[in-house]
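Trainee: Dumping the structure here so I can ask a few things about it.
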Amino acid sequence: MVFAHLNLLRKIVGIIGNFIALCLFLSPTPTFVRIVKKKSVEEYSPIPYLATLINCLVWVLYGLPTVHPDSTLVITINGTGILIEIVFLTIFFVYCGRQKQRLIISAVIAAETAFIAILAVLVLTLQHTTEKRTMSVGIVCCVFNVMMYASPLSVMKMVIKTKSVEFMPFWLSVAGFLNAGVWTIYALMPFDPFMAIPNGIGCLFGLAQLILYGAYYKSTKRIMAERENQPGYVGLSSAIARTGSEKTANTNQEPNNV
């Protein structure tokens, strides 16, 4: 009876975790809307999205019935995450504007795909029980899950240096913290160290980001206001409008050679 109730509670927490994880995957959407509008990635980094992609790939492998049975919720949300990250990285690739950065993104995605393919072949052919496969893939999941939660460290360093959270999306930090918290609870029913350890660490990283956001939110507004009030500052929309006007004027001044 107790086991049945615990199993039901675990499923409920897992469904909540799936919803929050979906919010986590979608939380950078305003960032990418901004990128598309400005046609530039500015100072945003592709690292969090590359880290999330490899994390989703290894968790899909972990959730396969031949690796870790009864993990449908793990497969569905991480499969969805893969599709979302591919869309985000495609947008980043189009608007990054630097060929070197595009090559790096392409190389990392190719390396991640090759790694998962090799890992899947080795685990499924060399290990013949789900317990051994769970152990092997679970360790890899731990590593990449921690990497995903730690990926904003470079952004956090920039926040401390510039005293501005402009390029650290708030909702991404909130969703990351909540996602790690819910999946930590899920991993305790029953205890799954491969989910509990990285998500517990993820809670700490998410909390650190929220503390930074609270500490530098006011200074960010002040810095942005000062920048916009500088005599030489021209907003993107103004610059585009001015460029268009200049082109029209130049066209009208050209002699008709027809």
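The backbone N, Cα and C atoms fix where each Cβ goes, and this holds for glycine too.
Below are the features listed in Swiss-Prot for this protein:
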| type | residues | note |
| --- | --- | --- |
| DOMAIN | 12-100 | domain 'MtN3/slv 1' |
| DOMAIN | 136-221 | domain 'MtN3/slv 2' |
| TOPO_DOM | 1-11 | topological domain 'Extracellular' |
| TOPO_DOM | 33-46 | topological domain 'Cytoplasmic' |
| TOPO_DOM | 68-73 | topological domain 'Extracellular' |
| TOPO_DOM | 95-102 | topological domain 'Cytoplasmic' |
| TOPO_DOM | 124-134 | topological domain 'Extracellular' |
| TOPO_DOM | 156-166 | topological domain 'Cytoplasmic' |
| TOPO_DOM | 188-193 | topological domain 'Extracellular' |
| TOPO_DOM | 215-258 | topological domain 'Cytoplasmic' |
| TRANSMEM | 12-32 | transmembrane segment |
| TRANSMEM | 47-67 | transmembrane segment |
| TRANSMEM | 74-94 | transmembrane segment |
| TRANSMEM | 103-123 | transmembrane segment |
| TRANSMEM | 135-155 | transmembrane segment |
| TRANSMEM | 167-187 | transmembrane segment |
| TRANSMEM | 194-214 | transmembrane segment |
Trainee: How about long-range neighbours of the topological domain 'Extracellular' (68-73): same chain, 6 or more residues beyond its ends, C-beta under 8 Å?
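Mentor: Hits for the topological domain 'Extracellular' (68-73): 11, 14-15, 17-18, 62, 130, 133-134, 137-138.
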Trainee: I need to check the long-range neighbours of the transmembrane segment (12-32): which residues 6 or more away from its ends have a CB within less than 8 Å of a CB in the stretch?
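Mentor: Residues 44, 48-49, 52, 73, 76-77, 80-81, 84-85, 88, 91-92, 169, 171-172, 174-176, 178-179, 182-183, 185-186, 189.
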Trainee: Looking only at the topological domain 'Cytoplasmic' (33-46), report the model's average pLDDT.
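Mentor: Overall, the topological domain 'Cytoplasmic' (33-46) comes to a mean pLDDT of 89.
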Trainee: Let me spell it out: take the transmembrane segment (74-94), skip the flanking residues so only those 6+ beyond its ends count, and list any with a Cβ under 8 Å from a Cβ in it.
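Mentor: That would be 17-18, 21-22, 25-26, 28, 32, 35-36, 41, 44, 46, 49-50, 52-53, 55-57, 59-60, 62-64, 68, 102, 105-106, 109.
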Trainee: Same-chain Cβ contacts of the topological domain 'Cytoplasmic' (95-102) under 8 Å, 6 or more residues past its ends?
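Mentor: Contacts with the topological domain 'Cytoplasmic' (95-102): 35-36, 39-41, 46.
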Trainee: Report, as numbers and ranges, which residues of the same chain sit near the topological domain 'Extracellular' (124-134): CB under 8 Å and 6 or more residues beyond its ends.
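Mentor: For the topological domain 'Extracellular' (124-134), the sequence-distant neighbours (Cβ-Cβ under 8 Å, at least 6 residues beyond its ends) are 62, 66-69, 194.
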Trainee: Let's see if you can do this one: DSSP helix, strand and coil counts over the domain 'MtN3/slv 1' (12-100), in that order.
Mentor: 68 helix, 0 strand, 21 coil
